[in-house]
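A.B. asks: First, the structure itself, so that you have it in front of you.
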Amino acid sequence: MSESKGNKGPVNHGPTLIIHGGAGNLRRELFELEQEYREALKNSLFAGHQILKNGGSSLDAVVEAVCVMEDSPLFNAGKGSVFTLGGKNELEASIMIGTPDHQAGAATLLYTVKNPIKLAKEILLDPQVPHVFLGAQWAEEYAKEKGLELVDPKYFWTERRWKQHMDGLEQRELQPQNIIATTKTSAAESNILSDKEVGSMGTVGAVAVDKDGIIAVATSTGGMNNKKDGRIGDTPMLAAGTWADNETCGVSGTGYGECFIRYAIVHDVAARVKYLGENISDAAEQVVKENKKVGGLAGVIVLDKYGNVAMSKNCDLMFRGYIRVSDERWISPVRSGPSPKDL
């Protein structure tokens, strides 16, 4: 539900952009990098904001914002992606616009595409491609055909993520019972979501509404640290990690992907707005609250066509921020939870 003033109807804040850079529990490493994360969030917001300010589309704005984060080693997307059990980087992304035809594009199991969100956008826009979702070598071949930038897989190697990978392997050897939950076991029951195994926080996402009231959502990730090779998460799946509907809201999610898939988390937010008449803040809070009951670490960013924003999480931290063309201020409430002395 939008803000209102007496009987004058909804207040339209105009073109707005909201982003996230992942959610998780606060560790000292993240606290020490907080200022770097803030600067990266600001750069992402300003990149997308400039497009909206110049009258550009929400689609272009979210792609630009996400590309900035994909190019940063801080986030678990693009350059900063985590490693699989086999020591590879497998990337994925999706994008959607909120028009009645729900146009969308998604790609997964990418090894050489520098900016997966650009590939997702190409799939969405290409009239010669009737599909929503492409994967593996076929997606990479399509990216090459479209002239997207391809890189050597070594480009995605970073010392920080490699250390997380090796620490996770060591933890598995010391605690072999801590295996990622199967589809038959909930995260809560298996007690496996340690920081080192899911130290992969950093999935990135952006939601924007433009001057025409069109909502676009983009989400990109490297997935879960030490995931099984070939695992596909929620990020490239519509309704799980990405959803856009002009009449309700746009939502991008971050957290434990298997729960997002099982419970269609981001679509659930929009569904509560549509069918229960909740405002986006209440809908988002309720969904992440319910997700925590089943062991799901989750964060969502939500935006409606009037420029109202919601940013909800059920964990210590979610890197996030938003900016409106109407006031040009960027707001980035990064974290809440324990202080660094408690870590």
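Keep in mind that glycine also has a Cβ here, set from the backbone N, Cα and C atoms.
What TrEMBL says about a protein is an automatic prediction, not a curated fact.
Feature table excerpt (TrEMBL):
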- THR203: active site, nucleophile (ACT_SITE)
- ARG231, ILE232, GLY233, ASP234, THR254, GLY255, TYR256, GLY257: substrate binding site (BINDING)
A.B. asks: State, in Å as a whole number, the widest CA to CA span among the substrate-binding residues ARG231, ILE232, GLY233, ASP234, THR254, GLY255, TYR256, GLY257 given in the record.
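C.D. replies: About 16 Å separates the two most distant Cα atoms.
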A.B. asks: Note down the number of other Cβ atoms within 10 Å of the Cβ of GLY233 (substrate binding site), including every protein chain shown.
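C.D. replies: A 10 Å sphere around the Cβ of GLY233 (substrate binding site) contains 23 other Cβ atoms.
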A.B. asks: How big is the Cα-to-Cα gap, in Å, between THR254 (substrate binding site) and THR203 (active site, nucleophile)?
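C.D. replies: Between the Cα atoms of THR254 (substrate binding site) and THR203 (active site, nucleophile), the distance comes to 6 Å.
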A.B. asks: Binding-site residues ARG231, ILE232, GLY233: which have a Cα within 10 Å of the residue listed as 'active site, nucleophile'?
C.D. replies: none
A.B. asks: State which of the following binding-site residues has the fewest other Cβ atoms within 10 Å around its Cβ: ILE232, THR254.
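C.D. replies: Fewest other Cβ atoms within 10 Å, among the binding-site residues ILE232, THR254, is found for ILE232.
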